[in-house]
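Following: one structure in structure tokens, then a few remarks.
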Amino acid sequence: MASLIYRQLLSNSYVTNISDEVNEIGTKKTTNVTVNPGPFAQTGYAPVDWGHGELPDSTLVQPTLDGPYQPTSLNLPVDYWMLIAPTREGRVAEGTNTTDRWFACVLVEPNVQNTQRQYVLDGQNVQLQVSNDSSTSWKFILFIKLTPDGTYTQYSTLSTPHKLCSWMKRDNRVYWYQGSSPNASESYYLTINNDNSNVSSDAEFYLIPQSQTAMCTQYINNGLPPIQNTRNIVPVNIASRQIKDIRAQMNEDIVISKTSLWKEMQYNRDIIIRFKFANSIIKSGGLGYKWSEISFKPMNYQYTYTRDGEEVTAHTTCSVNGVNDFNYNGGTLPTDFAISRFEVIKENSYVYVDYWDDSQAFRNMVYVRSLAANLNDVVCSGGSYSFALPVGNHPVMSGGAVTLTSAGVTLSTQYTDYVSLNSLRFRFRLAVSEPSFSISRTRMSGIYGLPAVNPNNNAEYYEIAGRFSLISLVPTNDDYQTPIANSVTVRQDLERQLGELREEFNSLSQEIAVSQLIDLATLPLDMFSMFSGIKSTVEAVKSMTTNVMKRFKTSSLANAISDLTSNMSEAASSVRLTSVRSIGTVTLPRARVSLQVSDDLRSMQDVSTQVSNVSRNLRLKEFTTQTDTLSFDDISAAVLKTKLDKSTQISQQTMPDIIAESSEKFIPKRSYRIVDEDTAFETGIDGTFYAYKVDTFNEIPFDMERFNKLITDSPVLSAIIDFKTLKNLNDNYGITKKQAMELLHSNPKTLKEFINNNNPIIRNRIENLISQCRL
């Protein structure tokens, strides 16, 4: 039968190459390490109390004054107070206009009687009469002479315990503080030429603008603020004040190093990232009350924005990783609302945004180092989606929000329709935000995260602002572009190709002839015949089949087969009700029973859920038992073969994923049958189950105990023509007992006879199975 292709892939899934073996051995290799706990093994506690230690203060404190500056000689700026802070007695400062004014300031410590002291002023040894009667304050004395050979005369004094004095040039005058703290005030004494007046300071000093004279007065009377007295304040040369502050440009290209052929360029750029999510909402077949999948998909987005007056064209690709799978099942009836799987991103998820623009920074982005980025956070809020049911009120999924925070940046490659682009991949970690999401008219509410149903909330895009910097090794000749080696790119985005291929596969269902499909399903398809009809792949069948087998090895079907033996016996023994009416006839009362799988006791809410699990295992048992009857896997393999031959987009890269997905997703609504003399038991993956007589198709109570015994030893058959279809066929056309038995056993010859006779019931059933072969 056609399902032979799946069996071959499973039996040969061990095929691999030596590099895969080496990698697998490396990942599985373990080392036993013995840890000696030492003397703490008895108590588990250390013998001392551990504290947090010193807690550093992270408060940023900045100096409030312009200074201090090192002692020097300078032409004091006009309209600036020169606040001098000496630490010991003696000469403090001196100055002159070189024509008719020479002045000097000395500091006298407390408790000094009237005495003569020698100072070096204007290069000469000078004897000056000084005194300080105060026991707490220091005394600044200002001396002035009018000629080079004249005598210094005392003009003014300032007494203060803080050892601070100050003067200023303004309006061709010298202003000075006089008096005693805390009542010292400013006054002027000299008329000078501002342009030629130099001051030589012997102590550290500060510069205070005239507009802050009140602050200068406060310092003279009360002392400097505490931050200025700390040892962490280091005086600098006055020349540093002349350095102009140049604000670095956010968008600039800096040459780091350069040779004849190559140069290192540092690119600093501000950036605006706009992105949006894409999703896929797939509705199941049937009456229109079921949804099979709601998932995130990669999304490309192109836009323009202005950077430093230049219009930039940018391209982003948004994808997610680490999604959480949720489901909702409103009941077992065909008219009960259900979602088999919908994806939600939460704290354990990541969002990737690949960014590229047409600026020079991305022109030669091949050899890159020192890559860094700073980005703002963004909140992504979910919108509403109404599930349109054929009858009744529509459930609405709404709400949900996450906050994206930058978690790093790496290099990546984007694949557009025409070209591959080396780009930056910005990685964002997630934090859930208000509000939570819920589904109206259901019990599902108060769940946090962003569901895939409407992640953009009808917004055109999400936007993040920030900046990045990188150093790139580029050719010295700016006109030359470094070639991109596709063989060593970081990421190959095949999701777009797979998405287009899935759409094509789903659209090809209407082009499949039902009669030819039955013939193809009865053929023993092997790997060569499966792939031989595909264009441009015949010469690469060997390598392609190896890739297919490697991918098939990790499929859910392959994993389930390996656990078949243990799961079958345990799942079969889980159903404990002795006599229950068929679920297609009446609604079951909820019963609490137990299902033990792999030594894990799980609580099941109703019998239909158990039957669904048993039916999934029945598929595995039928799959491993090859018979002459037609199975669902034969039909799905035949549909796969037909679509592969008709496809124009299939390639060696997409083939493994398509074949693995087909084994998992084709014909999701399957029913399996066990025939016991004149009684048939039929169970579905959707939880439905029937028991009926073979000759009359009349329903009878479902004997669970009998069913438990049969599923262990009796052959399992695919219910290609299910019970409802058989009963409808018998009621409208009438069939013989022989035809009934052959249809119950899915005899391909009998099926083809009904199809060739244009029986609408059988034909519609097969067409419905073909329509369920979707990806």
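Note: Cβ is positioned from N, Cα and C throughout, glycine not excepted.
Annotated region 'Spike head' per Swiss-Prot: 65-224, in sequence order.
Summarising the annotation, Swiss-Prot assigns region 'Spike body and stalk (antigen domain)' to 248-479 and lists sequence analysis as the type of evidence.
Annotated disulfide bond per Swiss-Prot: Cys318-Cys380, in sequence order, evidence recorded as sequence analysis. Its own atom aside, the Cβ of Cys318 (disulfide bond) has 26 Cβ atoms within 10 angstroms in the protein chains shown. Under DSSP, Cys318 (disulfide bond) is assigned to a strand (E or B) in the three-state scheme.
Summarised by DSSP class, the composition of the region 'Hydrophobic' (389-409) is 0 helix, 14 strand, 7 coil. Residues annotated as region 'Hydrophobic' in Swiss-Prot, with sequence analysis given as evidence: 389-409.
Here Swiss-Prot flags 484-511 as coiled coil, drawing on sequence analysis.
Sequence annotations record features per position, and here Swiss-Prot assigns region 'Spike foot' to 510-775.
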Which same-chain residues, if any, lie at least 6 apart from Cys380 (disulfide bond) yet have Cβ under 8 Å of it: Phe277, Ala401, Val402, Thr403, Leu404, Leu450, Pro455, Tyr462
